[in-house]
């Protein structure tokens, strides 16, 4: 049963997770710029997935029930969607400010809503469609600063959000199976690592010790973030915790300002407020439908 103390602890875990994910994106922006640069995005993705797979491997081996997934085709869909989202977001943060990329990434629940309606036959009322459209307008405001039109760089986080929305939908699809959460997370990370390795091999750049340390840190904070999400989810309801993920936008703005001298434009602030309001309303709408 959820308790007041559990809600507080759950909130703390999610706030830590949000910081970890913001830091992961900041590292994805920093690493290609260090020691002369040259580290390709696919090597960043490899670090993100490989560290997680290595950490989870002992847990999978400890129980035979975790070894074999029951629906490999569903894992394939989730892997492609998640991999696309990660790679595109890592590309995005190297072309647009951290806060802007993160904010546009928050449109992923809107795309998840679309995919759920199309592929999972979930019913959506007019209010949810209206909220989703308003959220997309907020993202366009960010992607087209000062009314200059949407740049190609501004489209990258949009593409990342579409893939992340597809991943959320695929997770719902996977949750219908009987596979353990550890099995799902492990095989998704293992497959992501293999995809990243295959893609990175032709363009491989030998990292310096400094870059290797940062790559390891990137993978580590990603694992810590996933762990914190699982811990938080055990202590409080998802409808209570979901809005707390928006703290990553604040963290991203701070990290962008401190480490990259990024000052959010007025259009970014306005767009962020629109997107966050819509995300909150979608969360509240989902909670109302379940009640």
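Backbone N, Cα and C define each Cβ position, glycine as well.
Annotations in TrEMBL come from automatic prediction, not curation.
What TrEMBL lists as domain 'EamA' is 9-142, 157-283. Residues annotated as transmembrane segment in TrEMBL: 44-63, 75-93, 99-120, 127-144, 150-169, 181-205, 211-233, 240-259, 265-283.
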Under 8 Å Cβ-Cβ from the transmembrane segment (211-233), and at least six residues away from its ends along the same chain, one finds 9-14, 16-18, 20-21, 23-24, 27-28, 30-31, 34-35, 39, 43-44, 47-52, 55, 181, 185, 241
Given the transmembrane segment (265-283), its same-chain partners at Cβ distance under 8 Å and 6+ residues beyond its ends are 97, 99-100, 103-104, 106-107, 109-110, 113, 128, 131-132, 134-135, 137-146, 239, 242-243, 246, 249
Residue counts for the domain 'EamA' (157-283) under DSSP, helix then strand then coil, are 110 helix, 0 strand, 17 coil
With the cut-off at Cβ under 8 Å and a gap of six or more residues from its ends, the chain residues touching the transmembrane segment (240-259) are 7, 10-11, 14-15, 17-19, 21-23, 25-26, 30, 97-99, 101-103, 106, 232-233, 272, 276, 279-280, 283
Near the transmembrane segment (75-93) in space but 6 or more residues beyond its ends, with Cβ under 8 Å, are 25-26, 28-29, 41-42, 44-45, 48-49, 69, 101, 104-105, 108, 153, 156-157, 159-161, 163-164, 166-167, 169-171, 173-174, 184, 187-188, 191-192, 195-196
Summed over the domain 'EamA' (9-142), the DSSP helix, strand and coil counts are 107 helix, 0 strand, 27 coil
Restricted to the domain 'EamA' (9-142), the mean pLDDT of the model is 86
